[in-house]
Amino acid sequence: MNVKGRVVLSMLVVSTVIVVFWEYINSPEGSFLWIYHSKNPEVGDSSTQKGWWFPSWFNNRTHSYPEEEAVDEGDEQRKENSEELQLSDWFNPQKRPDVVTVTEWKAPVVWEGTYNKAILENYYARQKITVGLTVFAVGRYIEHYLEEFLISANRYFMVGHKVIFYIMVDDVSKMPLIELGPLRSFKVFEIKPEKRWQDISMMRMKIIGEHIVAHIQHEVDFLFCMDVDQVFQDSFGVETLGQSVAQLQAWWYKADPDEFTYERRKESAAYIPFGEGDFYYHAAIFGGTPTQVLNITQECFKGILQDKKNDIEAEWHDESHLNKYFLLNKPTKILSPEYCWDYHIGLPSDIKIVKISWQTKEYNLVRNNI
């Protein structure tokens, strides 16, 4: 073989090796996890994101963007061709006459006993859905809460369906080493720490919105956003899925709206006057489709920025703005307090099964500006 032939052959061999290696690291069977270093990602600009490959202590598979996009297109076509599930197919409000099960705008309030799990599971299994879950753990919240949250979520959150956990931390070196079950994967993002816990709470709206635009909208069908200082106790399943999902706050679900701790100062964008309001919603859990969650986070952050401009801070920070949002944009589904319960209240007869419970609030240990 002449010199020219050997050169061409060498180039072909090298190209083949590169292609094979690239396909391996991007395949579901690859043994790596992509961890993002994203100090301040700009909306729609992935060039600000930086990352490294890490061994998969965390996970037994990785997410493949090209393959998933192809699957997503097929799923969308199948969903269009499938028969839409009607509320009456799976929801029976008469099963729980002891509680409010339907809102004035005809949205279901999901309590244990009101839904047919078998019908829902069968429907969503055919849809081949992917559900995302965002959680923030900054500072000492990582060591105090993150591991237990993730272990319990791995066990109880959307079991049997594909799940992506989006974990936002300010120090990836403190990320607990957890092995996930089948159909589950992690994406870990390093975010900029804030000086005050109040700012961490409010900035999460901005960060979630940025990540939805950058990639989440292409990766999941539904998205939940949750606080880290809580623990899954039982199945948190597909009965919770909807276009726009709000969570009833455990301490206020029986109270009159005028008793709610809404923001009552007119100067705040979160202002809700006495005489108005439906329920008091808990910012520890909210969700919906990526498009709806994006709208929630953008509108809440817009209100936060308006308050900063007017030198005011809503009483309950992002939660106050979330309640204002849901007053103006009614949620299509509401979760009962069973899905986010505080055992300090006790266990009244209407709470049949606790799905998620609050962790003990150790603010003196985890908040750095008290």
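The first residue you see is number 1, and the count goes up from there.
The backbone N, Cα and C atoms fix where each Cβ goes, glycine too.
Residues or ranges marked as substrate binding site by Swiss-Prot on the basis of similarity to another entry: 136-141, 227-229, 249-252, THR261, 361-367. If you look up Swiss-Prot, you'll see ASP227, ASP229 marked as Mn(2+) binding site. If you look up Swiss-Prot, you'll see ASN60, ASN295 marked as N-linked glycosylation site, on the strength of sequence analysis. Summarising the annotation, Swiss-Prot assigns topological domain 'Lumenal' to 26-370.
Feature map: annotations from Swiss-Prot on the structure.
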residue: PHE136; record: substrate binding site; Cβ within 10 Å: 24
residue: GLY139; record: substrate binding site; Cβ within 10 Å: 18
residue: ASP227; record: substrate binding site; Cβ within 10 Å: 21
residue: ASP229; record: Mn(2+) binding site; Cβ within 10 Å: 21
residue: GLN249; record: substrate binding site; Cβ within 10 Å: 23
residue: TRP252; record: substrate binding site; Cβ within 10 Å: 17
residue: ASN295; record: N-linked glycosylation site; Cβ within 10 Å: 17
ASN295 (N-linked glycosylation site) and ASP227 (substrate binding site), distance between Cα atoms, whole Å: 19
Spatial separation of ASP229 (Mn(2+) binding site) from GLY139 (substrate binding site) - C-alpha basis, Å: 13
Between PHE136 (substrate binding site) and ASN295 (N-linked glycosylation site): CA-CA distance (Å): 19
Whole-number mean of pLDDT values that fall within the topological domain 'Lumenal' (26-370): 84
Pairwise CA distance, PHE136 (substrate binding site) versus ASP229 (Mn(2+) binding site), rounded so that it is a whole Å: 10
Secondary-structure category, per DSSP, in which ASN295 (N-linked glycosylation site) falls: helix
Rounded to the nearest Å - Cα separation of GLN249 (substrate binding site) and ASP229 (Mn(2+) binding site): 15
Rounded distance in angstrom between the Cα atoms of TRP252 (substrate binding site) and ASP229 (Mn(2+) binding site): 19
DSSP state at ASP229 (Mn(2+) binding site), helix/strand/coil: coil
